[in-house]
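Below is one structure, written out as structure tokens, with a few remarks after it.
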């Protein structure tokens with residue numbers, strides 16, 4: 001039967017990560033632990049930063065927002081994924097699919113700009129330390145974060161409109177574990193050429209603009225570090241930037257692999273595991289990446305634990 005002659009889709013069925021019932025139980029346990037670590041880590045980071053006055057600085061303000069967006073986009077995906085591991089009826093309505101998609105896209109794209117703002121903050125701290133209080137004032141920090149969330153909102157509306165204005169009238173089986181752009185485009189019975197161009201252009205703009213900010217910031221930072229006479233100063237600068245560079249590499253590497261390529265090169269199995277990595281694993285890793293070697297966060301944690309034990 002031609003797709004055009006089929007009835008319109010009102011719900012989708014996820015194939016999930018695996019069809020093996022035993023593996024589903026194993027994956028449920030593993031990803032439940034990962035998600036709980038994610039939730040505890042990111043909420044813990046938010047609580048530490050908001051309650052400890054020593055962490056009321058631009059760098060930790062941005063880190064608090066990073067934890068929030070990490071928690072946001074992982075929570076748009078993980079609870080549903082965990083529930084689907086325990087059932088054979090992996091059905092999601094068209095409207096619920098659009099809602100899941102919208103929240104996921106909004107938080108992920110906001111994270112791109114939060115990471116760019118963090119790079120700018122490090123640039124000012126290392127390259128313009130005498131002007132730090134001016135360039136990174138409370139008003140500037142708030143404006144940067146509001147701009148990040150506004151960019152996420154605009155992207156949310158654009159992506160959701162472009163993706164869900166397409167016709168879905170043939171198979172309703174999504175070979176994935178959540179509603180994501182590539183499998184939805186592959187499923188549509190519309191001509192997706194224009195939508196693909198617009199969607200990938202928007203993704204490309206978000207990626208390019210934020211990576212450009214990060215690249216320029218770290219180019220100036222690298223030059224400043226090379227010019228430092230003190231080995232201790234260079235070590236401190238590298239320590240300040242190391243965790244952020246690790247987080248950027250993990251996040252952008254996976255997102256670029258997922259979205260900045262045509263659907264003709266789309267590999268279902270590869271992309272499922274890439275999606276698992278950046279929807280579940282990276283949000284869990286970020287609190288660890290940014291806190292393990294951070295003396296201020298460790299001190300705040302010990303202080304908080306000390307207060308509760310008294």
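Counting starts with 1 at the first residue shown.
Every residue, even glycine, has its Cβ placed from backbone N, Cα and C.
Going by Swiss-Prot, the topological domain containing residue 99 carries the same name as the one containing residue 178, and both residues are therefore on the same side of the membrane. Given the ranges 1-20, 81-100, 101-120, the record in Swiss-Prot names 101-120 as transmembrane segment. Of the given residue ranges 29-49, 176-196, Swiss-Prot assigns the label transmembrane segment to 29-49. Most Cβ neighbours within 10 Å, among the disulfide-bonded residues 97, 189: 97 holds that distinction in the structure as shown.
Below 8 angstroms of C-beta separation, residues 59, 62-63, 65-66, 69-70, 72-73, 76-77, 144-145, 147-149, 151-153, 155-156, 159-160, 163-164, 178-181, 184, 206-207, 209-210, 213-214, 217-218, 244, 247-248, 251-252, 255, 279 of the same chain, each at least six residues beyond the ends of the transmembrane segment (101-120), sit close to that stretch. Listed by sequence, the residues of this chain that lie at least six past the ends of the transmembrane segment (240-260) yet keep a Cβ under 8 A from its Cβ atoms are 66, 108, 111-112, 115, 118-119, 122, 125-126, 181-182, 200, 203-204, 207, 211, 214, 218, 221, 271, 274-275, 277-278, 282, 285-286, 289-290, 293-294. Across all of the topological domain 'Extracellular' (161-205), the predicted model scores a mean pLDDT of 89. For the topological domain 'Cytoplasmic' (50-58), the list of distant contacts is 64, 121, 136, 141, 296-297, 299-300, 303-304: same-chain residues at least six beyond its ends, Cβ to Cβ under 8 Å.
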